[in-house]
Amino acid sequence: MTDLEVSAIQVIDENKVFNSLLVDYMKQFYSQNNSSDDKGLNYHIVSVFGSQSTGKSTLLNHLFHTKFDVMDESQRQQTTKGIWLAHANHISSSNESGDFANNTKNVFVMDVEGTDGRERGEDQDFERKAALFALSTSEILIINIWEHQVGLYQGANLGLLRTVFEVNLSLFAKNKQRCLLLFVIRDHVGNTSLESLSDVLTLDLQNIWSQLNKPQGTEGFELDDFFDLKFVALAHKLLQPDKFIEDISVLGDKFISEDQLFNEGYHRAIPIDGWSMYAEQVWEQIETNQDLDLPTQQILVARFRCDEISSQVYESFHEQFVKSNWDDLSFTEIGNSLKELRQNAVQQYDILAGRYSESVYLQRKKLLVQKVDLSILEVYTSVLQKLIRQSRDLYLKQIESSLTKKEAGIIFYQVLDNAERESLKYFNENTSLISFVDVDDSEARSYDPSPKLRELEEELSNLRTELVNKEQENIKTKIPRKFKSHFKLIVQDELSNIKPSSWEELLDQFRQVSEKLLAKYKSPDSNYDFHLGLSKEKNKELHEQVLIKFWIKFKEILNDFVTETNVLRLLVSKFEDEFRYDEEGLPVVWKNSAEIDVKFAKARNSALDLLPLFSLAHTAEGEILPDYDIAHDEAEAESDNEEDDGFKESHKFAHLLSARDQDAIRNKFKKQTDALYVETKRSVINSKTEVPLYIYALLLVLGWNEFMIILRNPLLITLLLIGLTGLYLGYKTKLLGPIVQVVQAMIQELQDQAKNKLRDVLVSEPEAPSQVRIGKEVDATKDED
């Protein structure tokens, strides 16, 4: 039997000190035999007590193959001191395979110091405390008595049992915690049947129960409400050794059986890893003579163990959590990793802590989940923020891509709608990948992506508003700019040849260009929709703002074109056209000065008649007025470029030239036209100067020979006839003046070139000697040096 015996550990020594190594002892044997047990409840505690030297330790050693110290029969003295505990690896059995069976139920047995020992004498304090400890921690309480002690009060430990009953009633009255009292009657020789002995003991126990001082509220409780009684008889160990072993085996079969002795109602429901702490706290309460509240002790153990388990689980979770490089993982990998980490932590806690008090277990579980979620939420929130950024970037990228394609019929607000739909779809699809908790999980409300979705929707809404406003400004800038580029040419062409009907024609052209540029925004109901998703009122407001910009651009074009310089140039051009050319567009050949005076006066008056047309833009109905008040908008535009000089009245649309401007133009026009008049007058006077008659006679006398040579020479006469014919044609076509001017210009050019050539020759000739002389002087200077 020695190879099957297991060493014991002292739980409480004779000095009433609890052994802190008990927890390691119990875990050691429990883990060896219950590696697959998750709850830690597959164990049983069996205690034995009785009078000293009655063979309690011997009984346990034979029954459970333990190694408790036994009494030396040569010396009658105390052997078991304090309370000892041992794991029963094997239990005696009568089965055919051997004389023992494996301890699959993890039975731990406690050997309690015997009562009525001479070592303690009258001091019964430890006896009562030990009995109370055994009752508080054990499922089965073995009471070891001799057959001849049945019927005795002290010998059968009935006095101690009375104390046990009273304490049990005070401890377990609320929850009616049950316990099995197993009376093992030793040295039964068979003269008195076991049934008779059982009846005697049962009657004694009931008498003791009836005489108890029951606490208030427990008067109606009976012995059967708290204790189950069973009786076993064992033969004499020395006189009937074989029978004794047989009876031990039969008793062992009862412990092995599923329904003979053990009952779920006896179990204290303390997991094995918390039993040592529970036992220590119970003993501390007993030792300090405090009221022992076992349910409270169980709660305290549950709290301690659940906190300990929670810390261990969180440390394991955190170790795995910090190892993960979340930035390098995809959304699917992040979701799976977070889900696995969270589920593993919760499941591990459920396995280890679910064995304790449900209220404590759930409370600590909630705290653990909150702590785990704090870490996970950092990653979860970070991922959601990353998703928001990516969704926003996708939104802008979709818009840019659609607008860049410039497809026909593209509508701006539809582009925004499509981009928003794709952005939200991207966000929702990826949030579903990282959603790793059920929506019914009350602890998972922090993982609801709805707040972040609303944040994204709000951000997209703000972006949409910003883009729509930007597009409105773009429309108010781009379309008026295009209007200006088109209408500017029309204004230049029309005002360059201004006439009384020009302003009416320009106004018609203004409306035509405006309608043409806005035609694509016009809806069938004659309203305007700029495809920005705006309301009817907003579209109307934008349309008016664009038209205001058109009028402002109209005003800018007029201001740029109708300036003193341009108007003066146009008036002078008009004057020259009428003064230099006739109605057929041919250059005028002046015959006399009177003709110049008439033509000059007519041309100048005709040109000056155009000045009022430039000064005021008006039609037959009156001056042109914008359809909208552009004073405020125009003033804002001008304030960025120039300061108000006190004379500018920007709100007067039709007033282009002030009286001062007109006077300045008239004065400059008068000076330029007067200069032209004088030049023309001088050229006519020069061409009309008369040659004296004697000059002709003198030419005839002196040039008679030359004249005759020409007449006699056919070539010369031919050239003369051609020259005369050309002069005649020039005279008839009134081109003699231009011909003379061209000839004079040619002669002048020939003279200039001749002078330049002569100057070059005269200047270049003396240069060579001077250079030689200078060179010699330089050489002479060098020689002197």
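Just so it is clear, glycine is given a Cβ too, placed from its N, Cα and C backbone atoms.
Looking at the stretches 74-102, 451-479, the one that Swiss-Prot records under the feature coiled coil is 451-479.
Considering other CB atoms within 10 Å as the measure, the emptiest surroundings among the binding-site residues Ser53, Lys56 are those of Ser53. For the recorded GTP site, residues Gly50, Ser51, Gln52, Ser53, Thr54, Gly55, Lys56, Ser57 set the reference point as the centre of their Cβ atoms, and the other residues of that chain within 8 Å of it by Cβ are Gly114, Asn144.
The candidate set comprises the binding-site residues Gly50, Gly55. Of these, Gly50 has the most other Cβ atoms within 10 Å. Looking just at the topological domain 'Cytoplasmic' (1-690), the mean pLDDT is 82. Scoring each of the binding-site residues (Gln52, Ser57) by how many neighbouring Cβ atoms lie within 10 Å, the top position goes to Ser57.
Here the binding-site residues are Ser51, Thr54, and the one whose Cβ sees the fewest other Cβ atoms within 10 Å is Ser51.
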